[in-house]
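Here's what TrEMBL has on this protein:
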| type | residues | note |
| --- | --- | --- |
| REGION | 1-21 | region 'Disordered' |
| DOMAIN | 35-421 | domain 'Major facilitator superfamily (MFS) profile' |
| TRANSMEM | 40-64 | transmembrane segment |
| TRANSMEM | 76-96 | transmembrane segment |
| TRANSMEM | 103-121 | transmembrane segment |
| TRANSMEM | 160-182 | transmembrane segment |
| TRANSMEM | 188-210 | transmembrane segment |
| TRANSMEM | 246-267 | transmembrane segment |
| TRANSMEM | 279-298 | transmembrane segment |
| TRANSMEM | 310-328 | transmembrane segment |
| TRANSMEM | 334-356 | transmembrane segment |
| TRANSMEM | 396-415 | transmembrane segment |
Amino acid sequence: ISPMNAKGSSGGEEKAPGMRSKTLAESGCSGEIKRGQAILVAYVIAALELTFLFMQMGVMPYLAKSLGLDSVGFGYLQTTFGVLQLVGGPIFGRFADQFGTRAALILSCASGSAFFLIMSISTNIPLLFLSRLPAVFMHGLPGAQKLITDVTTPSQRADALGKLGLCFGLGIIIGSALGGVLSTKFGVFVPTYVGLVGNLINTMIAIVWIPLQAKPKSDHHVTEHSNVFSIREILRLMKFPGVMEVFIIKVFAGLPIGLFLIMFSIISMDFFGLEAVESGYLMSYFGVLQMVVQGLVVGKLTNHCTERTLLRLTVFVFAGVGLGMALMRTVWHYCIIAVPLVFAFSTLATITDSILTKAVPSSETGTMLGICASVQPLTRTVGPTIGGVLYKHFGVSSFGYLQLIVNIGLFVYLLKSKIPLRELKSQ
């Protein structure tokens with residue numbers, strides 16, 4: 001029986017309110033096989049999309065420069081991409097809730113194809129800006145998270161979501177390296193051709209291999225409020241117990257470090273004195289750390305610790321990272337700090353996503369994941385301005401001190417508050 005379909009398999013009658021169809025995680029051996037297939041497909045789609053995304057991020061500055069775009073114009077281009085992703089996240093999530101995860105992932109992969117197609121024919125600056133437009137629906141990672149959420153029980157969710165970090169790490173390492181090699185040896189447009197073909201393949205994977213359990217649920221919220229673009233319906237999720245508090249922690253705990261990472265290309269040159277190749281090695285180091293932490297560490301921690309404990313631990317580690325960054329002087333210091341930094345970032349993302357999807361009705365997890373996915377685009381949108389001011393007037397240490405102060409405040413709040421972190425999905 002489809003877990004996202006509230007009709008019976010034979011009679012076609014809608015189940016009584018308060019009941020739900022069996023999920024794959026609850027439906028025996030064949031259900032376990034299909035659940036495993038769904039999770040594997042989610043990992044494959046996420047890994048491929050992230051690989052192509054990081055591949056184009058590496059060559060985009062060179063493509064923009066070859067078309068005559070200066071640094072200010074390139075900033076506008078990046079901001080355009082960030083704003084589109086920011087706006088599109090919640091809309092994509094509601095689309096997944098109403099039309100099913102399968103349809104949503106097909107939309108994401110097809111949008112990726114359009115993104116690379118327009119990039120591949122961008123012979124002028126207006127076309128290059130136009131190529132950003134499909135990014136509003138390019139949300140392969142939230143789509144993969146939604147698919148995993150649909151087929152796992154709440155107790156399995158954090159571990160399965162955490163392993164998506166392996167896909168992110170692979171995307172950083174392979175995508176960055178592949179983009180550099182292809183653009184250097186064969187021309188700046190070749191990575192866009194590879195991205196186009198790759199996204200077409202990803203679209204076919206979504207069409208053929210995503211199990212049919214990824215259909216829209218029959219839920220009174222979905223049928224009664226069918227407007228995908230309804231801001232009121234998106235913001236309504238913030239009223240569920242604990243959602244607003246956890247979301248605020250998700251946004252602010254890593255914001256100062258997020259500002260630092262946005263400015264890292266400049267900091268690596270000016271503060272650390274790194275060459276482009278050395279910066280690439282450092283990015284690969286980050287990718288490997290993320291794969292290890294999310295693939296091997298986060299899942300084991302979720303099996304032994306409560307989410308409340310892990311959330312407090314993450315905020316505490318973030319405060320320690322802030323202190324370390326405030327005292328940091330060399331790139332080797334940064335390599336040491338990167339270990340707890342990646343741990344805190346990975347754990348915060350996984351745990352908060354898991355908590356927030358449990359705190360809302362099962363028919364609206366897609367919208368919640370879409371809201372969560374908007375956090376990074378929000379940071380990318382405001383980051384260059386705020387980060388630039390901090391770096392110019394107060395130096396690198398300002399990011400660390402801000403991180404320390406913010407997370408000490410959040411840690412004290414978590415110790416004193418009674419946020420209902422263990423809310424389960426509505427039945």
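Placed from the backbone N, Cα and C atoms, the Cβ positions cover glycine too.
Counting same-chain residues at least six beyond the ends of the transmembrane segment (246-267), those with a Cβ under 8 angstroms from any Cβ of the stretch are 238, 279, 311, 314-315, 318, 321-322, 325, 341, 344-345, 348-349, 352, 355-356, 359, 371-372, 375-376, 378-380, 383-384, 386-388, 390-391, 396, 399-400, 402-403, 406-407, 410, 414, 419, 421. Among the listed stretches 40-64, 103-121, 188-210, 279-298, 334-356, the one sharing the most Cβ pairs under 8 Å with the transmembrane segment (160-182) is 40-64. Mean per-residue pLDDT, taken over the domain 'Major facilitator superfamily (MFS) profile' (35-421), amounts to 84.
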